[in-house]
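Below you'll find the structure, written out as structure tokens, and then a few comments.
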């Protein structure tokens, strides 16, 4: 038993010694020529794939030889124009545009629900509000505020306007919207309203400033007064019809008039600064942003009021507006040739070609080398010469498995 333990300890010491000595060994690749057509086709195919990937995708498509900037600074200014008839009234941009000063978000009113002549007082709560229906005063809690309702309850049970049933009385702006609101027809002329979107973008890394309006000192204003955006004919005319925007977003304008909606206006700058500066121009795309499928709250609407005085008493006109809200979103990407990314990606491409040999060695050792002939030639046992270094093979470093070896 003691002899076995001693032998085991000795073997462990030899193993540890060989491990630490082998850690300092130097390995050099051995070149072998394996004349196997299947393996050769795989090798050249993988080489072709890797080289094509780096040339076509990395260098040509992704322009890996350029230094790039993807977070530019930008500013957006918007303005809407157009007039429409609403009965006997003429509506201009002051009536239907919010906000009037413009910005990266602008909305236009397409349809209104109006409650006229509201004033502070008491009136009947709407019958659809929970627990609003009553038969006597004790059914209504005085001072209670129902957040699903329209005001504070007074504790009285009163007839619902000209109806036979009763609801709890509330203190609020009377008459309430749910009872007295008038639905106006949509603005059909709004399909021809135009929105002017002025955008400037700055790439601070390259000190490049561009705008979506082409500088023209002589006829610039006259040109903008007549043109509408066209990708081929008028790329520097950022004036869009609302009908065109709805069409590009694949939306029906009549449906937008009914429910409203939020549409994103995407301005995309993709600038290759190695080319002429005139090639750095924006492209536009449009997409509906709000959820609208089978949702009761789909669309876009908001409320505002117009206040006035009559006989010393304050009145207001409450307006619930349905319309199109345009969110202008700017994306920018600029690139210019730089020696550093060029060197890095070139070295990466050359290194990646080495994957071909690794893949083919694995295929050869796993699927083709059934008699361990290839592995026997590729991995030779090491031996030590009476000098200070160890080599893997003695003699020629070039082996040829083309003759006399059946694989």
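Glycine is no exception: its Cβ is also placed from the backbone N, Cα and C atoms.
Unlike curated records, TrEMBL annotations are generated automatically.
Taking the Cβ of residue 80 (ATP binding site) as reference, residues of its chain lying under 8 Å away and at least six apart in sequence are, in sequence order, 93, 97, 102, 106, 108, 193, 194, 195, 196. The ATP binding site annotation in TrEMBL covers 79, 80, 81, 194, 301, 302, 303, 320.
All protein chains considered, the CB of residue 174 (disulfide bond) has 19 other CB atoms within 10 Å. Per TrEMBL, the feature disulfide bond maps to 123-174 (among others).
The disulfide bond annotation in TrEMBL covers 134-157 (among others). Summarising the environment of residue 157 (disulfide bond), the number of other Cβ atoms within 10 Å of its Cβ, over all protein chains shown, is 19.
For residue 140 (disulfide bond), other Cβ atoms within 10 Å of its Cβ number 22. Taken from TrEMBL, the feature disulfide bond covers 140-168 (among others).
The disulfide bond annotation in TrEMBL covers 227-237 (among others). Sequence-distant neighbours of residue 237 (disulfide bond): residues of the same chain at least 6 apart with a C-beta under 8 Å from its C-beta are 223, 224, 227, 228, 229, 230.
Summarising the annotation, TrEMBL assigns disulfide bond to 271-280 (among others). Cβ environment of residue 271 (disulfide bond): 203, 208, 210, 279, 280, 332, 333, 334, 335 lie under 8 Å away, each six or more residues apart in the same chain.
Under the heading N-linked glycosylation site, TrEMBL lists 192. Cβ environment of residue 192 (N-linked glycosylation site): 82, 241, 242, 243 lie under 8 Å away, each six or more residues apart in the same chain.
Summarising the annotation, TrEMBL assigns transmembrane segment to 41-59. Within the same chain, residues 65, 345, 348-349, 352-353, 355-357, 359-360, 363 sit at least 6 positions outside the transmembrane segment (41-59) and bring their C-beta atoms closer than 8 Å to a C-beta of that stretch.
By neighbour count, meaning other C-beta atoms within 10 Å, the densest spot among the disulfide-bonded residues 134, 168 is 168. Across 79, 80, 81, 194, 301, 302, 303, 320, which the record gives as binding ATP, the greatest C-alpha separation is 23 Å. Counting every protein chain shown, 16 other Cβ atoms lie within 10 Å of the Cβ of residue 320 (ATP binding site). Spacing of residue 81 (ATP binding site) relative to residue 140 (disulfide bond) is 50 Å (Cα to Cα, whole number).
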